[in-house]
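*Asks:* My questions will all concern the structure given below.
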Amino acid sequence: MGRDAGADLQPDRRPVLHDHRSESEDLVSDRDILPGPATGLVPTVEASPDKLALRRFLRNPAAVAGTIALVIVVVVTLIGPIISPFEPTAIDLTQVRKPPSGEHLLGTDSTGRDVFSRLLAGGQISLLVGFSAALVAVAFGTLAGVVAGWFGGIVDAIISRIIDIMLSVPAVLVIIVLAGVIGPSVPMLIIVIAGLAWPNPARIARGVVLSLREEEFVQAARAIGSRTRFILARHLVPGALPPIVVSATLLVAESVLLESSLSFLGAGVQPPQSSWGNMLNEAQSLTVLSSMPWLWVPPGLMIAVIVLSAMAIGDGIRDAIDPRKN
């Protein structure tokens, strides 16, 4: 009895097994564990924001369809000189306004030119104007918006007033006036459309920079003596890119539509160059509209495909990067 009681009073000298798991392993909860084929338990890894955004974009059928349609139109247009059966400016008065046939897939126009060849050549002009104007507008607008948001004060006030004035200017009227003074041409269209479209990305970039410049990571970068150029390029511009990309896709649609409208009115691309807009110029009589659809349906359809595809892509990107969906 005494020996047993004394043994009970002795301290337990058995080695204590310590849990050497790291804190990161302790943070993995049961719901983060999935059965694995080899080890039995495999921790899941959360996808990065970029992968989540891409996954949401690919789950958007309208955005995927718009991307596929836009890629097809761009590729076919780029290889147009290779697959065109005729020169787009070649006139054949013996084949005036012929309906589609094996020789002329989409028929001929009022001077005997092949509509299919003109459609491909016109697509190059329309897409060149649309993408170039959007690129120039986004580049200049982003720069102006970042400068306004970062420096503030009188710089922000001046740029903001310019943005307000530019947004109130009727774009079509300005381009028609400039076309009459300078002369209509593709470079003129690109410069003028970009000059009228840059306020939208500028306003977006300014708002993003105003919200980010007071964040702790930006203040820390300024405290350690980072240059302004480094802070803008490393921290602020990347934060403004997602909404600017959305704006860029919408600007492509707007630029193509604006170029087509101006060419239709005679203030854009001039013959013998072809664009989808001046191809529609022939559809001004009831005879053409009612009995010669091959003259206006193909260019009108291409304009609709480009505009709707670009808008669907923009909406898909906006939904994919929406923080409320994270």
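Quick reminder: no glycine exception, Cβ is built from N, Cα and C everywhere.
The compositional bias 'Basic and acidic residues' annotation in TrEMBL covers 1-33. Annotation source TrEMBL lists region 'Disordered' at 1-35. The transmembrane segment annotation in TrEMBL covers 62-83, 125-151, 163-182, 188-210, 231-253, 294-317. Here TrEMBL flags 123-314 as domain 'ABC transmembrane type-1'.
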*Asks:* In terms of Cβ proximity under 8 Å, which residues at least six beyond the ends of the transmembrane segment (163-182) contact it?
*Replies:* 144, 188-189, 192-193, 196-200, 202-203, 206, 258, 261-262, 265, 267-268
*Asks:* Give me the stretch from 125-151, 231-253, 294-317 with the greatest number of Cβ pairs under 8 Å to the transmembrane segment (62-83).
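*Replies:* Against the transmembrane segment (62-83), the leading stretch is 294-317.
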